[in-house]
Amino acid sequence: MENRTYTADATPGDTVTVAGWVHEIRDLGGIAFLILRDTTGKIQVKFEKDEMDDDLVETGLNVQRESVISVTGAVEEEPRAPTGVEVTPESVDVISEADPELPLDPSGKVDAELPTRLDNRTLDLRKDEVKAIFEIRAEVLRSVREAFRELNCTEINTPKIVATGTEGGTELFPITYFGQEAFMNQSPQLFKQLMVGSGLERVFEIGPIFRAEEHNTPRHLNEATSIDFESAFYDHTEAMDACEHVVQSAYEGVAENCQDQLEALGLEDEFAAPEGDFPRLTYEEALDKINATGELDEPLVWGDDLSTEAEHVLGQEVGEHYFITDWPSEIKPFYIKDHDDDEEVSTGFDMMHPSMELVSGGQREHRFDHLVEGFEQQGLDPEAFEYYTKMFKYGMPPHAGWGLGGERLIMTMLGLENIREAVLFPRDRQRLSP
């Protein structure tokens with residue numbers, strides 16, 4: 001719109017045209033106020049009925065809430081107005097009239113259940129606190145990309161339609177691909193490993209992953225955003241260092257650039273970036289800490305994966321971001337390298353928030369014979385992954401990396417109760433639309 005001024009830029013003494021949504025109308029008799037909202041904030045429009053044209057007043061005060069309008073008028077200081085200024089209108093143009101029966105209240109005065117909000121996401125995003133989540137999400141992704149560039153990474157984009165799953169199993173969405181069986185990719189893992197064997201060496205990707213998991217919990221999605229890193233000539237400890245850098249950079253970017261959004265969420269006083277090195281516990285140390293609390297029905301033993309309850313217990317004990325290292329080889333994927341001095345212990349690691357797992361990573365097996373053996377030990381057919389395995393015959397360097405759940409990072413960063421709040425249009429077992 002030509003000559004439009006954002007509400008945040010409206011300066012006393014100027015004549016401006018502002019445009020946005022009708023947030024609220026308050027009619028006090030001889031005087032009335034319309035609050036107009038755009039992406040930068042809100043501004044008060046004052047109607048003095050006895051001093052204004054009747055048609056102008058009628059247009060401004062009879063419009064439905066959430067209609068899109070433009071207002072042209074003089075900006076004046078008004079300390080009692082929500083933003084300290086107000087517009088005295090010369091003209092009001094109704095651009096798009098809203099239905100009076102709204103499925104939810106964007107002003108937030110009437111709460112709506114999450115399913116209703118997700119069914120009407122466009123309206124839901126008109127609320128300051130919801131919009132703030134996605135503005136913060138955008139800043140997180142910007143900061144993460146910048147952190148990867150500081151690590152001299154090249155951004156890549158890998159296929160999302162594949163012939164075989166990354167890790168086998170049944171957590172795959174099958175599709176028909178020109179008469180062939182194909183799947184939506186559950187991870188860029190194998191492709192990013194191939195890239196570190198190329199001339200690129202150190203890469204990252206931010207993109208969607210698809211997992212046909214049966215889980216239907218506040219922390220699981222069937223389509224999610226994965227933040228992936230892989231580097232040649234890195235071991236698992238260097239990969240953990242990179243992980244710390246990226247996560248801390250995400251927090252620092254939000255702290256520096258999203259104060260208004262944090263205020264909208266009521267987090268301006270408590271939000272802080274994690275400082276220093278994240279504690280690194282071995283898997284065995286983690287089991288000991290969990291078992292020492294006595295909070296589980298049965299003590300954990302070597303080879304057990306950590307349940308949600310176990311993660312919660314350990315998170316309460318540690319109280320900050322931390323790593324779990326040296327996992328049993330038997331419960332880590334085939335591409336994770338074992339320690340040279342103990343083939344029962346892998347170089348795999350998880351990075352945890354006190355409330356849940358955020359990252360899974362490790363050093364990768366770069367030796368062809370050992371890689372094929374790992375396939376066979378986990379009941380997978382190496383020939384089904386020939387495009388991947390054959391490249392390990394042509395000089396594959398030692399390498400390490402990890403994958404970070406983007407929505408989980410946002411969820412834990414902002415203390416959201418449900419991971420679906422961190423996704424514009426979530427995909428889970430019950431939701432395929434909108």
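Our numbering is plain: 1 for the first residue shown, then up by one each step along the chain.
For all residues, glycine too, the Cβ spot is worked out from N, Cα and C.
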From 85-88, 93-96, 189-192, 201-204, which range did Swiss-Prot mark with region 'Aspartate'?
189-192
Given that Swiss-Prot lists R211, A212, E213, R219, H220, L221, G405, G406, E407, R408 as binding ATP, which residue among E263, E268, E357, E365 does it place in the same site?
E357
Using the alpha carbons only, what distance in Å do you get between S360 (L-aspartate binding site) and G406 (ATP binding site) once rounded?
12
Compare all C-alpha positions of R211, A212, E213, R219, H220, L221, E357, G405, G406, E407, R408, the record's ATP binders, and send over the largest distance in angstrom.
19
Within its own chain, what residues at least 6 apart in sequence put their Cβ under 8 Å from the Cβ of R211 (L-aspartate binding site), listed in sequence order?
E171, L172, Q186, N222, A224
Based on Cβ atoms within 10 Å, give me the single least packed residue among the recorded positions P82, G406.
P82
Starting from each candidate's C-beta and looking 10 angstroms out, tell me which of the binding-site residues H220, R364, R408 has the most other C-beta atoms.
R364
Tell me the residue counts in helix, strand and coil for the region 'Aspartate' (189-192), as DSSP assigns them.
4 helix, 0 strand, 0 coil
Coarse DSSP state, helix versus strand versus coil, of E357 (ATP binding site):
strand
